[in-house]
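Features as listed in TrEMBL:
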| type | residues | note |
| --- | --- | --- |
| COMPBIAS | 292-303 | compositional bias 'Polar residues' |
| DOMAIN | 110-226 | domain 'Palmitoyltransferase DHHC' |
| REGION | 286-309 | region 'Disordered' |
| TRANSMEM | 21-47 | transmembrane segment |
| TRANSMEM | 59-79 | transmembrane segment |
| TRANSMEM | 156-180 | transmembrane segment |
| TRANSMEM | 192-214 | transmembrane segment |
Amino acid sequence: MPLLKDAMPLMKEPHSPPQAPLPWVLPSLFAAFNVVLLVIFSGLFFAFPCRWLAQNGEWVFPVITGLLFILTFFSLISLNFSDPGILHQGSNEQGPLMVHVVWVNHRAFRLQWCQKCCFHRPPRTYHCPWCNICVEDFDHHCKWVNNCIGHRNFRFFMLLVLSLCLYSGAMLVTCLIFLVRTTHLSFSMDKAIAILVAVPAAGFLVPLFLLLLIQAMSVSAAKRSYEGKCRYLQGYNPFDHGCASNWYLTICAPLGPKYMAEAVFLQRVVGSDWVPIQTPRFPTCPSVLSPPASTSGSLQTREGSPRER
């Protein structure tokens, strides 16, 4: 039976931003503005340089960029309205006075109590201060779409970044080809719009490519963005199943139950000689009237103070 010292969380909790409630109107307007901006620039792109290329027999550019625009718009809207893996708030049957421990690949995690949602958070679950929710397998809060990125929508996020990279590159190449093909013509509205579209496309291409590269490396190593400042004990990541398995679990695997990731194994039954440890230093949830009795699936320490090695 592992000691309480071994049952501490594998990662330190990241420093939370200020917990003051943020108005939801401005972030929502910013996310809507990004969608409108994408539609406006795409409309100018297809109405001027793409139209000229199509009229001169270059149909391959409008077809390819049109398909990429549909993919980008679909992934953007899907990510805006997707469920990142929200865990529902607790009830009167839960309390912060119990010590719950789960195992992940031979590593013990003591579940942290969320004062906002009133339940013990599973490993890698984090309370987002902007959305005021606990998100399973939390990666980060994306202000561009005003939504958290977590277990249930991370694949949409990767699809959005990839499609934006391809779409920006296709727009830039198409505009450059249009400008080269029209060098013998005088300056016109088509050329002005092509330059207007090519400049932001080139400006977004490099950051998007770097973001895609960083996220690909994180998926390969089974890491999360918010864990960047946290250190792993003994350099061991229990969530790492190998590069191929990590990509499968992140992109292709069924999402499974909403409330607990499949990588977490709820462990052993509590024996009769084990009793819950009381931790009165934790603040209680207003909705909890009394601490619950010991439940199956939780690992507690023996009565008294924890032993030190």
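Glycine too: its Cβ is placed from the backbone N, Cα and C atoms.
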Per the Cβ under 8 Å criterion, with at least 6 residues separating them from its ends, the transmembrane segment (59-79) contacts 34-35, 38-39, 42, 45-46, 50-51, 53, 142, 145, 147, 153, 156-157, 159-160, 163-164, 166-167, 170-171, 174, 177
Where does the mean pLDDT land for the domain 'Palmitoyltransferase DHHC' (110-226)? 92
